[in-house]
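Asker: Can you keep this structure in mind? I'll have questions shortly.
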Amino acid sequence: MKIILLGPPGAGKGTQAKLISEKYSIPHISTGDIFRKNISEKTQLGIKAKEYMDKGLLVPDELTIDLVNDRFTNDDCKNGFLLDGFPRTVKQAEALENFLKAKGEGIDTALLIEVPGSYILDRMTGRRVCPSCGASYHIKFNPPKVDGLCDLCGSAVVQRKDDSEETVKERIDVYEKQTQPLVDFYKQKNQLFVVDGTQLIDEVFKIISNHIEIEGNK
Ligand code: ADP
Ligand code: ADP
Ligand code: ZN
């Protein structure tokens, strides 16, 4: 399966991605996680990406598209992938489409996790993430089983620098201007599936799983 996750910051893409990737054994490709790894390793790419990420702006398309195309060459993508946080612009969506078309392939579905703007700030400012494995928690809505430690790998969870109130507001703005047009992009191709992201994490996952199984049997 080739799946794209769409939705505003805080919709629950990362949270659902971990669950989907585990249940269906497809690699979870998060461009945000790849950029953060490059930042912590102080690579050239990381140094460039950090300038944009700290401000809540998108990393330029060229850098991002090359990075994803390169990731696709990895063996684990043979049977599909789950994209979380990519594409984020029409240019990225077109690049993805062309990349797959050249191999006679296409995506199976674009899942839009929808939440109203009023939910976003609470979710983002209460978010804690695992710097080692990328798992996402929330101090109120989804706390780790052991206070402050990742359920999956035991590392200490941290607050992301770009989850401050000011940067989140910028990111919502960037989402509306640059990423929201993708909703129509995939709707026109009859590839869009919308799920109400205000429900409990398990409820959202049930609905997504159902949809994936229907798509998988087509
Ligand atoms: P995204 O990857 O879309 O930015 P995350 O998966 O990191 O979003 O989720 C953002 C925050 O909201 C995290 O703190 C996460 O624990 C929490 N969260 C995710 N899904 C839900 C949900 N259905 N209900 C309440 N909180 C949620
Ligand atoms: P979110 O919590 O909004 O799901 P991500 O971890 O996906 O955040 O992304 C964090 C930051 O990384 C973005 O604000 C942006 O600066 C950069 N980024 C991630 N994916 C992309 C992309 N596809 N195009 C451009 N920038 C990206
Ligand atoms: Zn972890």
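Even glycines carry a Cβ here, placed using N, Cα and C.
Reproduced below are the annotations present in TrEMBL:
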type	residues	note
DOMAIN	1-213	domain 'Guanylate kinase-like'
BINDING	Gly10, Ala11, Gly12, Lys13, Gly14, Thr15, Arg127, Ser136, Tyr137, Gln199	ATP binding site
REGION	30-59	region 'NMP'
BINDING	Thr31, Arg36, Leu57, Leu58, Val59, Gly85, Phe86, Pro87, Arg88, Gln92, Arg160, Arg171	AMP binding site
REGION	126-163	region 'LID'
BINDING	Cys130, Cys133, Cys150, Cys153	Zn(2+) binding site
Asker: For the recorded Zn(2+) site, enumerate neighbouring residues of the same chain (Cβ within 8 Å of the Cβ centroid of Cys130, Cys133, Cys150, Cys153, site residues themselves excluded), in sequence order.
Answerer: Pro131, Ser132, Gly134, Ala135, Asp151, Leu152, Gly154, Ser155, Val157
Asker: How does the region 'LID' (126-163) divide up by DSSP, counting helix, then strand, then coil residues?
Answerer: 3 helix, 11 strand, 24 coil
Asker: Just to be sure I understand the contacts, which binding-site residues have a Cβ under 6 angstroms from any atom of ligand 1? Candidates are Leu57, Val59, Cys150.
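Answerer: Checked binding-site residues vs ligand 1; nothing flagged, none.
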Asker: Compute the C-alpha separation of Cys130 (Zn(2+) binding site) from Tyr137 (ATP binding site), stating it in Å without decimals.
Answerer: 8
Asker: How does the region 'NMP' (30-59) divide up by DSSP, counting helix, then strand, then coil residues?
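Answerer: The region 'NMP' (30-59) comes out at 20 helix, 1 strand, 9 coil.
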Asker: Would you count the other CB atoms within 10 A of the CB of Arg88 (AMP binding site), including those on all shown protein chains?
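Answerer: I get 20 for this one.
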Asker: Determine the mean pLDDT over the domain 'Guanylate kinase-like' (1-213), rounding to the nearest whole number.
Answerer: 96
Asker: Excluding near sequence neighbours, so keeping only residues 6 or more apart in the same chain, what lies with its CB under 8 A of Arg127 (ATP binding site)?
Answerer: Gly10, Ser136, Tyr137, His138, Gln159, Arg160, Asp163
Asker: Looking at the binding-site residues listed here (Gly12, Thr31, Val59), whose Cα lies nearest to that of Cys133 (Zn(2+) binding site)?
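Answerer: Closest by Cα distance to Cys133 (Zn(2+) binding site) among the binding-site residues Gly12, Thr31, Val59: Thr31.
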